[in-house]
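Participant: Sharing the feature lines straight out of Swiss-Prot:
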type: BINDING; residues: 3, 6, 14, 20; note: [4Fe-4S] cluster binding site
type: BINDING; residues: 232, 256, 300, 392, 420, 445, 480, 482; note: hybrid [4Fe-2O-2S] cluster binding site
type: MOD_RES; residues: 392; note: cysteine persulfide
């Protein structure tokens, strides 16, 4: 295996076992699944870049399976490869052309055949040239992230055919020998498509569940048994809340599901009581103390402990060997969570690990409703600078940097955040500026879109020609592929001077990293003191 797609990849990439817990066989099967998706894209070129929505949505699902910490279940991945090959053959027959590339023509049906195929379709096979391979990796990981966002929107019935068309263009490009400038153009096109994907998901979520509003979320526990729901899928949240109503079972969010509390549609459920725990990487301890069932709707899963294995469930694209998987919902119906609910009734209430409050719900509609107050605070000097600290959290101690930055920033700064990076500072007592909290949480990682909308609105209000003239600095934490997608979206929107940490991606060669620095002033993080001083000076 060779996997370098996440921030915690070891130097040179993970080659024996992933830091995430993924073993060599799972890694190889995921490589083969990506190759099968590339085959679908190649065959779809016969439709002049257009692809039927059914196939586009399926590609989203295939790529989502391979996002870090999403699916470790070899049986499920093998079945997905079989489906992908059948889809590819269907597309090839409909297109009436047969591309010469092996990805469009190979066949197999067994796990052994898929593992054998992996040798020819690993990341290393993208190009013999390290720099071209680096650019192709950037494209692939960007597409993986936007596929996750697009899949969430599709679950709610929202689609954008331009995104599916980019799958065809982008994935096909991975199989071809293209020059660096053309690949760099595709990187930027991936960023443009990422903006579309995040806008689509924002539209899907808000039209379905309402615009997020300022909300105080409790972090303590009640006296009744509970179900803990983690991941990002709001439709799963809706199904679970409806089915648990009146059962005597409470529902708690974990990690990236925290922002579900901000949506008006979910506020009517009295048994939707709070958030339990912190970021994804501490789940092994928190799932143990929760006592009740856990539902993982997407990433992030860490290796499962025996102490809670019997009460942990997966659904959607998530999977883990030995865990019960809740099947997809039938057309027009809901998922059946009855087994989880009945198990919850037999469990003890959660053990309290903290008892406080978190304030969030500052997506673009809510912040723009406060625009006059924010603009006045900027003009008066009460707010000197905004610092965007969106992105991911991770287990390495180096991420203490983000806590320290939040504590070191002057009291006339406001932190704009989205994603699980917030857990590094969203429980600190950082105060407010004239009633505006100094940490404004927009929501999940895809809600970084809200931060971009807010920035563009402020640019308009202040009459600035360039988004980089705003008093906004970007100190982004990344971990997996959705953060890569967010980064590419920001670069496409013209944002420069982004700090990216805690380390630059392992898949970027020195030459490609230098190119990104030159084009976009992308920079690694430094010391807390130096970075805060530079950001406050507009650098």
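Every residue gets a Cβ built from N, Cα and C, even glycine.
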Participant: I need the CA-to-CA distance for residue 482 (hybrid [4Fe-2O-2S] cluster binding site) versus residue 6 ([4Fe-4S] cluster binding site), whole Å please.
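Facilitator: Given the Cα positions, residue 482 (hybrid [4Fe-2O-2S] cluster binding site) is 10 Å from residue 6 ([4Fe-4S] cluster binding site).
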Participant: Work through the binding-site residues one by one (232, 392, 420, 445) and name whichever has its CA nearest to the CA of residue 6 ([4Fe-4S] cluster binding site).
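Facilitator: Closest candidate to residue 6 ([4Fe-4S] cluster binding site), judged by Cα separation, is 392.
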Participant: Let me spell it out: for each of the binding-site residues (14, 420, 445), count the other Cβ atoms within 10 Å of that residue's Cβ, using every protein chain shown. Which one has the most?
Facilitator: 445
Participant: Would you mind listing, in sequence order, the residues at least six apart from residue 392 (hybrid [4Fe-2O-2S] cluster binding site) in the same chain with a Cβ closer than 8 Å to its Cβ?
Facilitator: 7, 419, 420, 421, 445, 477, 478, 479, 480, 482, 483
Participant: Taking the mean position of the Cβ atoms of 232, 256, 300, 392, 420, 445, 480, 482 as the hybrid [4Fe-2O-2S] cluster site, which residues outside that list, in the same chain, have a Cβ no more than 8 Å away, listed in sequence order?
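Facilitator: Apart from the listed residues, the neighbours are 255, 280, 299, 419, 444, 479, 483.
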Participant: Using DSSP and collapsing to three states, where does residue 480 (hybrid [4Fe-2O-2S] cluster binding site) fall: helix, strand or coil?
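Facilitator: In three-state terms, residue 480 (hybrid [4Fe-2O-2S] cluster binding site) counts as coil.
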Participant: Inside 8 A of the center formed by the CB atoms of 3, 6, 14, 20, which other residues of the chain have their CB, for the recorded [4Fe-4S] cluster site?
Facilitator: 4, 5, 8, 9, 13, 18, 19, 22, 27, 68
Participant: Find, for the listed binding-site residues 232, 482, the residue with the lowest Cβ contact count at a 10 Å cut-off, counting only other Cβ atoms.
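Facilitator: It is 232 that, of the binding-site residues 232, 482, has the fewest other Cβ atoms within 10 Å.
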Participant: Work out the three-state DSSP category of residue 300 (hybrid [4Fe-2O-2S] cluster binding site).
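Facilitator: Coil, per DSSP.
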Participant: If you measure from the Cα of residue 20 ([4Fe-4S] cluster binding site), which of the binding-site residues 232, 256, 300 is the nearest?
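Facilitator: It is 300, whose Cα lies nearest.
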Participant: Compare the Cα of residue 3 ([4Fe-4S] cluster binding site) against each of the binding-site residues 232, 256, 300 and report the nearest.
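Facilitator: That would be 300, nearest by Cα distance.
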